[in-house]
Amino acid sequence: MGKEEISTTKYLIHAQINANGIVEKPDVVGAIFGQTEGLLSNDLDLREFQKTGRIGRIKVNITSRGGKSKGEIIIPSSLDRVETAILAASLETINRVGPCEAYIQVTKVEDVRAVKRKRVVERAKEIYASMMEEVTPESLKMIEEVKEAMRVHEITEYGEEKLPAGPNVETSDAILVVEGRSDVLNLLKYGIKNAIAVEGVSVPKTVADLTRKKTVTAFVDGDRGGELILKELLQVGEIDYVTRAPKGKEVEDLEKDEIMMALRNKVPVEQFYHDLGMKKEKKKTEDKMVLLRNILKELEGTGNAEILDDALNILREVKVENLYDELSRVNNHPYAVVFDGVITQRLVDLSFEKGLRYLVAVRSGDIVKKPHNLKLITGHT
């Protein structure tokens, strides 16, 4: 086939031919045109397709032995997928070639463009590899120094304790809590900008407060130190997910694929407790929920609302109609709101902004968007 055919061909029809007699290429080509003529509509006429260049020159490789012939037929096609399939199927209706009985079977229809794409990918790999070979160790060192400088430039200090953190910790709804500065730097290296470090086994107040406002994944080392930090986090903070570096490895040493695998394999904290056979500290949470329900019973029928801290002490007591405005003005870390009224989407959104963990009311309206770390409790649930 010519250069023009190669450039426009979309598919190659491959077929196997067997004939009970000695036949040659012109016989096969003649049979293809002769026996498919009139078989289909004029729109699918093989001769017309070849005249207009929509199929290329038919290639036939055939050999004869022992009074029988066997070979391969290849037909280039620039038709669409459906037309090519119909053309391929029509070949199998041919039952004679010249004076001989014959049988044709389509073995495959090859997508030429897919083959070209594969070649492009393979060649691109080769070119890239050769480019990398030309990069000198000095150049690699220089590149790494620039990358390291950029990572250090991106790292920030967060909270009163000036904890090492990525630039997105403040604005992101979800954060990663890691052990140290090196962990944050390594995550920045791979574009993860919402990590904050505890910088030791003791969990800082800033991190504990963040766990009440955001969806938090604890990402710790796969060693004893990681276990200790995780236990402290689970006691002091409100962790949503847990993941660990592979056993014996530290987060600061992980490659990109190891980090992504660990984050994909994170588990809800409830499952973490269950999988490790650890005792989950449910009692404290369950006791709080009982107390919150009791407070709701006391408030029913009063038209009042109470804004509470994490010890369930009253920060502010207001009328329900003033609740939204009063909650907007509260800045000393409200933990829960209990009120004699109906939970609305507007109030849910504000509660999430304020970092509340519980919103308790007589009943709930139609809530379309419920934050993961805000629990809604009503008198009917």
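Every residue gets a Cβ built from N, Cα and C, even glycine.
Feature annotations, courtesy of Swiss-Prot:
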DOMAIN    173-259  domain 'Toprim'
BINDING   E179, D221  Mg(2+) 1 binding site
BINDING   D221, D223  Mg(2+) 2 binding site
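Residues within less than 8 Å, Cβ to Cβ, of D221 (Mg(2+) 1 binding site) and separated from it by at least 6 positions along the same chain comprise E179, I229, R244, A245, K249, E250, V251.
Ranked by Cβ neighbours within 10 A across all protein chains shown, the binding-site residues E179, D223 are led by E179. With DSSP states grouped into helix (H, G, I), strand (E, B) and coil, the domain 'Toprim' (173-259) comes out at 38 helix, 18 strand, 31 coil.
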